[in-house]
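What follows is one structure encoded as structure tokens, with my remarks underneath.
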Amino acid sequence: MWKAGSMSAELGIGFALRAVNERVQQAVARRPRDLPAIQPRLVAVSKTKPADMVIEAYSHGQRTFGENYVQELLEKASNPQILSSCPEIKWHFIGHLQKQNVNKLMAVPNLSMLETVDSVKLADKVNSAWQKKGSPERLKVMVQINTSGEASKHGLPPAEMAALVEHINAKCPSLEFVGLMTIGSFGHDLSQGPNPDFQVLLSLREELCRKLGAPPEQVELSMGMSVDFQHAIEVGSTNVRIGSTIFGERDYSKKTDKPAAELQAPEEVAQAH
């Protein structure tokens, strides 16, 4: 039985990445043919991990990395060793973003995607900040949905999804809407059937594609973490966020420098990715 973090800690990041990518391909092979034939993107979540681990993962072919905290992402992405050793690195921000931290996030080198837009006000703030940055490319964004309805999870209610996406498309010219993201409830028993939170996100994509007149291939789904990424891919995820299975278990006792405004609910911190 694979235990998240155990094999990576014992045998190294390169071994762990190969094993994860093999499991990704196994899940793709089990995916129903009526789902979009999109190769899932692996986001290596490096929160609490040092720069040398990012560089090691990059040396083994990993290009996309994710972080949950703005300050940690800014420090890591600005690290001179990462900048020199990882010229093609792409950073995804996957944590809760408060409006007062938007300008700091926009300063992150090689920021590729913001996966957690959850309000019109946040979308407008990010759009304005990205415009001021003067980037020639639009910033890719996903809309985060709270599919489980848990108070400890961020994201907007499913019923508000379409209005926010339409606002981004119509009023945020510096942003490129690319998909939907969810965390979902933890510990779902697959013997009881597919994860209902993932099913909600699939249904929302169907609804959105009807409204936009767009094929499902144009709306990504970011769902699935270390404990459930294979199931997520099997039901349609195109973006999985995996941390401890690649980098080993995290030691949160050493992360005491995060502002209180950036701290997530305890359950989300302990179990996500």
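Glycine too: its Cβ is placed from the backbone N, Cα and C atoms.
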**Report entry** region 'Disordered' range according to Swiss-Prot, out of 228-250, 251-273
**Finding:** 251-273
Report task. Could you check which of the modified residues (K47, Y69, K125, S226) sits closest to S244 (phosphoserine), going Cα to Cα? Result -> S226
Query - Rounded Cα separation (Å) that holds between Y69 (phosphotyrosine) and K47 (N6-(pyridoxal phosphate)lysine) - result: 8
Query raised in the report: If you count the other Cβ atoms within 10 Å of each Cβ, which of the modified residues S226, S244 comes out on top?
Result: S244
Query - K47, K125 as modified residues, winner by CB count within 10 A - result: K47
Query raised in the report: For Y69 (phosphotyrosine), what is the secondary structure state per DSSP, taken as helix, strand or coil?
Result: coil
Query raised in the report: Cα-Cα separation of K47 (N6-(pyridoxal phosphate)lysine) and S226 (phosphoserine), in Å?
Result: 14
